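Peer 1: Okay, here's the structure, questions in a sec.
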Amino acid sequence: MYLRHLQLGSFRNWDRVDLALSPGPTVFVGRNGEGKTNLVEAVGYLATMGSHRVAGDAPLVRQGASQAVVRAALRREDRELLVEIEINPGRANRVRVNRAPLPRPRELLGLVKSVLFAPEDLVLVRGDPAERRRFLDDLLVSRTPRLAGVRSDYDRVLRQRNALLKSGRALLKTARMARGDALATLDVWDGHLVDLGAQLLAARLRLVADLAPHVTRAYAGVAGADAAVAALGYASTVPLAGDGTPVPEGTPLPDAAELAAALRERVAERRGDEVDRGMTLVGPHRDDLVISLGSMPAKGFASHGESWSLALALKLGCFALLRADGDEPILVLDDVFATLDADRRAALATVARSAEQALVTAAVLDDVPAELRRTVVQVAGGQAVPLEGNSAEDAEDGALREEVR
Ligand SMILES: Nc1ncnc2c1ncn2[C@@H]1O[C@H](COP(=O)(O)OP(=O)(O)OP(=O)(O)O)[C@@H](O)[C@H]1O
Ligand SMILES: [Mg+2]
């Protein structure tokens, strides 16, 4: 898949931009603060309907405007896909695909496949579990769009169950109601929590098992064959779903029914604590993806360089996994070459050259390996202008792309 055309209106610092793009690598170059990251952030938004930099949508809308528009023409094999998103902070987004409005914006998820690697990804290794859960769930939804509904239903059930637990606790405190009455409806919510939570858990376990070998391979490629081995494990509040130890390839995974039974049991065990604390303590919303290097967890142990390489390997692992699924994702590399050493630059350049399309940003063109610099777009003064002398794709690249797949 590649982006043939990108149009932004009132997105971040862009009043309006209209940009034709070609397959293969394109470098966006410009001084700090000119809007390079903003451009590729919009590409990421097409895939995840979220930003890799901020949680909400409000910062994406140009100051003074009330809505932002991202419009993209994508090509997948010989099919053309026109995607239009109206970003309305505080209200529902509006999405159209090939000019037909989608009943629910989230139906877009999974259509545009892209993998974005940016300095912010360091939090995947060093940050809170919530970052890694979001990483897993975004990838999950990209591979299996149906799970977007499961994820949002689970979040809704969780909010309602938490509200109930909180009000139950308050009622108990004032002793106006018996424990049983105050929490009578909790059973209903337990059922929803268990059903949706088990589906999410089963899907996450499958994903971690599918992704792990790609991440291990990508890390060896980035850090060198003699570096420690990178591995993934899933640490769950439901013991059956894992304690964070990497599971050997090919190990049978528990299915959704087994996970539901285990989750139900755990919810019953923790109910007293949940009532005391007024929140849901068991379920996928409390789990974590454990990234380990050798025999140690990366978080708290890996060096800065190792953490960077792990973050990169996670994203290259996603790229390889989506590819193995039969999709050619758009690879987006935001401002990453400047911070990599020569070997890691070369490893990343090889992957980027093999991508059907790679969008690369840099403040200094020389930081980007020469083999990726055939098409350069200058970003300055609110405009994105292709530089003269950009060459068309050559035959050798096609050959290389075949070779690396
Ligand atoms: N909602 C918004 N409205 C207007 N301007 C915005 C908005 N959000 C961000 N900006 C501006 O966009 C600019 C940052 O753009 P961006 O992060 O894309 O820069 P960049 O070209 O990637 O720079 P660097 O090389 O430093 O990474 C900043 O000047 C910021 O003030
Ligand atoms: Mg930037």
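From the backbone N, Cα and C atoms, a Cβ is placed for every residue, glycine too.
As annotated by TrEMBL, ATP binding site applies to GLY30, ARG31, ASN32, GLY33, GLU34, GLY35, LYS36, THR37. The domain 'RecF/RecN/SMC N-terminal' annotation in TrEMBL covers 2-362.
Neighbours and distances for these, please.
Peer 2: Listed in sequence order, the residues of the same chain lying 6 or more apart from ARG31 (ATP binding site) and placing their CB within less than 8 Å of its CB are ALA363, ALA380.
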Peer 1: Specify the secondary structure state of GLY30 (ATP binding site) as given by DSSP, simplified to three classes.
Peer 2: coil
Peer 1: Just the binding-site residues from GLY30, ARG31, ASN32, GLY33, GLY35, THR37 whose C-beta lies under 6 Å from any atom of ligand 2, please, or none if there are none.
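Peer 2: Cβ under 6 Å from ligand 2: THR37.
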Peer 1: In the structure shown, which of the binding-site residues GLY30, GLY33, GLY35 has the fewest Cβ neighbours within 10 Å?
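Peer 2: Counting other Cβ atoms within 10 Å of each of the binding-site residues GLY30, GLY33, GLY35 gives the minimum at GLY33.
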Peer 1: Listed binding-site residues: ARG31, GLU34, GLY35, THR37. Which have a CB under 6 angstroms from an atom of ligand 1?
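Peer 2: Cβ < 6 Å from ligand 1, in sequence order: GLU34, GLY35, THR37.
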Peer 1: Determine the minimum-neighbour residue: among ASN32, GLU34, listed as binding-site residues, which Cβ has the fewest other Cβ atoms within 10 angstroms?
Peer 2: ASN32
Peer 1: Cβ within 8 Å of the ATP site's Cβ centroid: which residues qualify beyond GLY30, ARG31, ASN32, GLY33, GLU34, GLY35, LYS36, THR37?
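Peer 2: Once GLY30, ARG31, ASN32, GLY33, GLU34, GLY35, LYS36, THR37 are set aside, the remaining close residues are ALA363, VAL379, ALA380.
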